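What Swiss-Prot annotates here:
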BINDING   HIS83, HIS182  heme b b562 binding site
BINDING   HIS97, HIS196  heme b b566 binding site
BINDING   HIS201  ubiquinone binding site
TRANSMEM  33-53  transmembrane segment
TRANSMEM  77-98  transmembrane segment
TRANSMEM  113-133  transmembrane segment
TRANSMEM  178-198  transmembrane segment
TRANSMEM  226-246  transmembrane segment
TRANSMEM  288-308  transmembrane segment
TRANSMEM  320-340  transmembrane segment
TRANSMEM  347-367  transmembrane segment
Amino acid sequence: MTNIRKTHPLMKIINSSLIDLPTPPNISSLWNFGSLLGACLAIQIITGLFLAMHYTADTTTAFSSVTHICRDVNYGWAIRYLHANGASTFFLCLFIHVGRGLYYGSFALLETWNIGIMLLLSVMATAFMGYVLPWGQMSFWGATVITNLLSAIPYVGIDLVEWIWGGFSVGKPTLTRFFALHFILPFIISALTMIHLLFLHETGSNNPLGVSSNSDKIPFHPYYTTKDSLGFLLLILLLMTLTLFYPDLLGDPDNYTPANPLNTPPHIKPEWYFLFAYAILRSIPNKLGGVMALILSILILAIIPLLQPIKQQTMMFRPLSQFLFWILVADLLTLTWIGGQPVEDPFINIGQMASILYFSLVIFIMPMICLIENKMLKW
């Protein structure tokens, strides 16, 4: 009798995606982060659902409702901090996942890469709106500053900002719509994830050597399910350590003060995972220029397949590209550090230099080195 997982219409899809999926035998632990992102998404949806049961999206009671969750709801503090720190682990896995895609040339799988960029933008939008919900000082002023950037768009900018706000400033309508969008977006992200996987399974995974593995593949289960389970354990260890020992390590103390439109915090900054983009935004003195640089800093990923004419789908045998990749990583870490510093010398100059280096590396230097390496390899 044929196994039910191979005949049942629904089980067949799960079987071909997670059990009998032909997988390259040599993919490293860096390929674990896709499944870890799935785990992070599941954690965020479950904890978020329980938080939504007790949260009220109203400017007068939002802050109090979060306090109520932490003090009065059974394990409310754990759910709240798992959700907040879960976002940080989500972005950590996301950045490593994108970095692995760049290092091992996964951007050559165009459909998968483009859906991945859509996923990245959706997760960033969700995280931004989630940060507004506790209605603390940094929530309110972060929402004001970031939404206000749209006013830089010529002609329609101011109307667009007021349309998003639902009034003439960030207030109750803004909070209500942000909560509605924050609730629905993770389910859209789940749908996009399935499309992402669908396109990935059309072409098959890349591997560290960048060569075709069609001649030698192994089933996903039990080999990679076992390997991924170690990743899950380490992820849970990190998340639990953050939640139980250092719950406020990555948060902002200002967010424990209720939102006050009459009192601006001395230094408005987003969560750590947006600091690199925030540093790029601040390093350009012109408002419209800053907004364009901010958007381009993420959307530049979409043009990488056009910029880098790789003949080998990996950097493993291209030492010059490897060197530049790690300079890019160091540059992004520098931008993250600068984004959290006040707007004064020497941070302004360092931020400007790091921003110039970021765009130069991705648009000019790395593609040039790529061409040189192709020539050296006689390709």
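Counting starts with 1 at the first residue shown.
Cβ from N, Cα, C; glycine included.
Structural mapping of features recorded in Swiss-Prot.
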residue : record                   : contacts (Cβ under 8 Å, 6+ apart)
HIS83   : heme b b562 binding site : GLN44, THR47, GLY48, LEU51
HIS97   : heme b b566 binding site : PHE33, GLY34, LEU37
HIS182  : heme b b562 binding site : GLY48, THR126, MET129, GLY130, LEU133
HIS196  : heme b b566 binding site : THR112, ILE115, GLY116, LEU119
HIS201  : ubiquinone binding site  : SER16, SER17, LEU21
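If you look at the transmembrane segment (347-367) against the transmembrane segment (288-308), you find at least three C-beta pairs under 8 angstroms, all six or more positions apart, and that counts as contact. Touching of the transmembrane segment (178-198) and the transmembrane segment (33-53) is concluded from the presence of at least three CB pairs under 8 A, sequence neighbours closer than 6 excluded. Just going by CB pairs under 8 A, the stretch in 113-133, 226-246, 288-308 that sits most against the transmembrane segment (33-53) is 226-246. When Cβ-Cβ distances below 8 Å are used as the criterion, the transmembrane segment (226-246) is approached by residues 29, 32-33, 35-36, 39-40, 43, 78, 81-82, 85-86, 88-89, 93 of the same chain, each at least six residues removed from its ends.
HIS201 (ubiquinone binding site) falls within a helix when secondary structure is assigned with DSSP.
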